[in-house]
């Protein structure tokens, strides 16, 4: 409220939502009580009842759906908060782990286990991460519903389960490695979103490409060969198959499966944008284009100019930075 909003205003981001739908009691009742996306048969019936063109009714429902979406300013403030947290907690964890012996030798995670001291810095690192992921767990039900909602829900459950489980079983050493590794790329994605909302397309593309590289290196390279190696093999060798070994590693492998899915989405997005030169539709976002898109495309056959709900422009088939960040 006191930091992100003034920054957004200075960058020219307006606190204005999408075009509001024309007040209509009949359509509003259908929207709130029956369906937000009427089929062809219902559209024909509403067209006869209101003496409206079907296209006009479709446009009304599109405006009405977009009307409930958060504004670009709201999304900018949320991304700036997440960027601040991810960046701060990453450097806090990196500074803390830089002097920790298990950062350089993962076998140290299991020496003298479970009788390992819990320092105050380690305690606060865990509590902050746990509190943040609980906040994400609750807020995802009020944020925009995207196609990867189920994947994110499973991710938050697995993350909270891992943080809680490792803390209760004093597996905090290997837990700090997992946390720091995951925070390494998250702030780059939020930086790309901030650049997107501010309409700095080249900066957004650069941040997203950097995010993609760091994400793939950390999640598909370092995570399985560094983290899973020590939890699956080194722990078995040094302390044996402890009772919770299967559950702990099961949660870690679940995260790895999610990493593979997200890496596929990132690579596919980069492929579409760099090789094909355009992306027709964001495969993850359910944010709809405004009716102005229809008006422009129907009046011009020379290229495409559409404005997505986050304010990023697509010009002559070239997808602006919103395509990177939404997916």
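Placement of Cβ uses the backbone N, Cα and C atoms for every residue, glycine included.
Look at TrEMBL and you will find 29-72 tagged as DNA-binding region. If you look up TrEMBL, you'll see 301-315 marked as compositional bias 'Polar residues'. Residues annotated as domain 'Homeobox' in TrEMBL: 27-71. For 282-327, the entry in TrEMBL reads region 'Disordered'. Here TrEMBL flags 83-103, 123-142, 207-226, 246-267 as transmembrane segment.
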Other parts of the chain folded back onto the transmembrane segment (207-226), taken as Cβ under 8 Å at six or more residues beyond its ends: 106, 177-178, 181-182, 184-185, 188-189, 191-192, 195, 255-256, 259-260, 262-263, 266-267, 270, 321, 324-325
Predicted model, mean pLDDT over the DNA-binding region (29-72): 80
